[in-house]
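The structure under discussion appears below in the form of structure tokens.
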Amino acid sequence: MTNYRVESSSGRAARKMRLALMGPAFIAAIGYIDPGNFATNIQAGASFGYQLLWVVVWANLMAMLIQILSAKLGIATGKNLAEQIRDHYPRPFVWFYWVQAEIIAMATDLAEFIGAAIGFKLILGVSLLQGAVLTGIATFLILMLQRRGQKPLEKVIGGLLLFVAAAYIVELIFSQPNLAQLGKGMVIPSLPTSEAVFLAAGVLGATIMPHVIYLHSSLTQHLHGGSRQQRYSATKWDVAIAMTIAGFVNLAMMATAAAAFHFSGHTGVADLDEAYLTLQPLLSHAAATVFGLSLVAAGLSSTVVGTLAGQVVMQGFIRFHIPLWVRRTVTMLPSFIVILMGLDPTRILVMSQVLLSFGIALALVPLLIFTSDSKLMGDLVNSKRVKQTGWVIVVLVVALNIWLLVGTALGL
């Protein structure tokens, strides 16, 4: 009886610690459902129905492993990826890494900020510029939570992630997808045309986000409580739950687009405004409103995460710190310039995703090198199987993103 009580007490303590350590992966997972994912998944679903759902499944599994490695680096070393690169590589190399990471963080923020502004425009009927002003105000308010520590921000970001997931449960109910075809699309790989290959590369490029790789290692580097192995075990649960939710949202986005657009003959739906306007007569005004709200929630939360990632990148690479509100102000400027110049926001959004693809391998390669170093990682070093899987992901991501870049350059 005494042994049972001890085991029960230790079990409760383990669960309590696991819950206390949950949160960082929910911040990271927001990067996987930003407006870039909305645009890519909608286009893929409208064009090819359920045939590219398997790409979302595999991209999400890859992303899970990458985020676990990033989180593990922070737990094992007490330093984030940017700091490790700074400590192990020559200064010119570090400065190059910092510049490209900042450019990629700003490109990411551009897509996320404009995505949220489009969401406000759609649901409130305001101009894109007014939507951008509302986005700026909202992100400043959310970032103010950082003054109270990481936990309040984790709760808000996690809440927004769950809201987007709930919104897409509603969208699935409205669109009523064919479950048998949906399941087949998730399991059986299919690339029927060269455009499908191009869109598959786009889905992968929009899913694995370099700025989140840097950020996640910083979110776990100061975790306390329990042993390193216990913190790592709790983090794996954190990543599994958060990334499963993000994966569901991406699947639901594509499945909704397939059911609502592809099978009703609207295969050319390619941008967010068009998707919103097309949803109204096909499903209902309520479905279109839910879509707009989910776009706002995803855009706001992901642009906040992008700001935090930019801060980590600057602090880690060059040991320089600026207040978050200053960084937020500076990174908003390109979005306002794009809007004031009257450029096509969806095209800018897609171009930013292409730019992002340059940074994926640059973040992945050092992450794999560091997490495979037994002197650095100790008992948390990568196993042989994880190393091999990691390098396969690197090769695949680089190959598909080269395809994406070449296809974009040639106008394929």
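Placement of Cβ uses the backbone N, Cα and C atoms for every residue, glycine included.
With respect to the membrane, Ser264 and Thr371 are recorded by Swiss-Prot on different sides. Just going by CB pairs under 8 A, the stretch in 20-39, 96-118, 156-175, 351-370 that sits most against the transmembrane segment (197-220) is 20-39. Using a Cβ-Cβ cut-off under 8 Å and counting only residues 6 or more beyond its ends in the same chain, the topological domain 'Cytoplasmic' (146-155) has close neighbours at 23-24, 26-27, 219, 304, 308, 324. Note: the stretches the transmembrane segment (328-344) and the transmembrane segment (388-406) are not in contact (fewer than 3 CB pairs below 8 A, sequence gap of 6 or more). Helix, strand and coil counts from DSSP across the topological domain 'Periplasmic' (345-350) read 6 helix, 0 strand, 0 coil.
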